[in-house]
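Taken verbatim from TrEMBL:
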BINDING   His4, Glu179, Met180, Glu181, Ser203, Asp204  purine D-ribonucleoside binding site
DOMAIN    16-225  domain 'Nucleoside phosphorylase'
BINDING   Gly20, Arg24, Arg43, Arg87, Ile88, Gly89, Ser90  phosphate binding site
ACT_SITE  Asp204  active site, proton donor
SITE      Arg217  site 'Important for catalytic activity'
Amino acid sequence: MTIHIGAKPGQIAETVLMPGDPYRAKWAAQTFLENPELVNETRGMLGYTGTWRGHSVTIQGSGMGMPSLSIYANELIRDFGAKTLIRIGSCGGMQDKVKIRDVIVAMTASSFSTPSSGIFRELNFAPCADWSLLQAAVLAAEARKVPTHVGGIYSADVFYDERPDLNEQMIRHGILGVEMEAAELYNLAARYGVRALALLTVSDHLITHEALPAEDREKSFGDMVEIALEAAFA
Ligand code: HPA
């Protein structure tokens, strides 16, 4: 048990999938895991542990934003021994070629203020995904014929950003999408020598202003959960 995770020792698997939304954790666990058991409900940040093809897996909500994810990732790694952490989230598309429902595999994540990067002082540390997970996720997505993009994303501090010129520069430099958690996850994974990856379905678009219809969200999210599970145990 930690301050934010009420699970008992041994109740968290070495492989953890992390959606931002705790209800997505519940849905994914009940849809894809066998014998899912609720292992955390502290602050409503639901976490479940079950099995997938015989492998033990935890699906734990991270909350929104890097400070929230940082709390859960730190405790999962340091106190519960998590070794593979895969964010399964949504993002806003930032390139014309990136369409609603596509999956983005984040090779790296740019940010203004990754919470844990203060340790580097003035060094602009480039947090990156684990190669084995990234490669396996791309192969799993291709096998499922899910349109996939691999590249850099932007982990923002504010959802309601009022600096459109910033987005223009991100777009110009090929950033595929914007979300709010991956840079911190990659930073912590590097620090503690564990594997991390962020998979993101494009739920809205900063150029076209399209949005994924609510009724399509489950299907798109489900494809990504399966890609994450296949990558984790490839
Ligand atoms: N901005 C930031 N985070 C997001 C977005 C967005 O447009 N869409 C999904 N997560």
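A Cβ is built for glycine as well, from the same backbone N, Cα and C atoms used for every other residue.
Annotated features, which come from TrEMBL, shown on the structure.
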| residue | record | DSSP class |
| --- | --- | --- |
| His4 | purine D-ribonucleoside binding site | coil |
| Gly20 | phosphate binding site | coil |
| Arg43 | phosphate binding site | helix |
| Gly89 | phosphate binding site | strand |
| Glu179 | purine D-ribonucleoside binding site | strand |
| Ser203 | purine D-ribonucleoside binding site | strand |
| Arg217 | site 'Important for catalytic activity' | helix |
Among the recorded positions His4, Glu181, Ser203, Asp204, Arg217, report those whose Cα falls within 10 Å of that of Gly20 (phosphate binding site); none is a fine answer.
Glu181
Taking the residues His4, Glu179, Met180, Glu181, Ser203, Asp204, which the record names as binding purine D-ribonucleoside, find the longest CA to CA distance and state it in Å to the nearest whole number.
30
For a Cβ distance below 6 Å to any atom of ligand 1, name the binding-site residues from Gly20, Ile88, Glu179, Asp204 that qualify, or say none.
Glu179, Asp204
From Arg24, Arg43, Arg87, Ile88, the binding-site residues whose CA lies within 10 Å of that of Ser203 (purine D-ribonucleoside binding site):
none
Of His4, Glu179, Asp204, which binding-site residues are close to Ser90 (phosphate binding site), meaning a Cα within 10 Å of its Cα?
Glu179, Asp204
Considering the binding-site residues Glu179, Glu181, Asp204, which residue's Cβ sits among the greatest number of other Cβ atoms within 10 Å?
Glu181
What is the one among the binding-site residues His4, Arg43, Arg87 whose Cβ has the most other Cβ atoms less than or equal to 10 Å away?
Arg87
Given the binding-site residues Arg24, Arg87, Ile88, find the one whose Cα is closest in space to the Cα of Glu181 (purine D-ribonucleoside binding site).
Arg87
Determine the minimum-neighbour residue: among Gly20, Gly89, listed as binding-site residues, which Cβ has the fewest other Cβ atoms within 10 angstroms?
Gly20
Let me make sure I understand the span of the phosphate site: among Gly20, Arg24, Arg43, Arg87, Ile88, Gly89, Ser90, what is the greatest distance between any two Cα atoms, in Å?
22
Looking at the recorded positions listed here (Glu179, Met180, Asp204, Arg217), whose Cα lies nearest to that of Arg43 (phosphate binding site)?
Met180
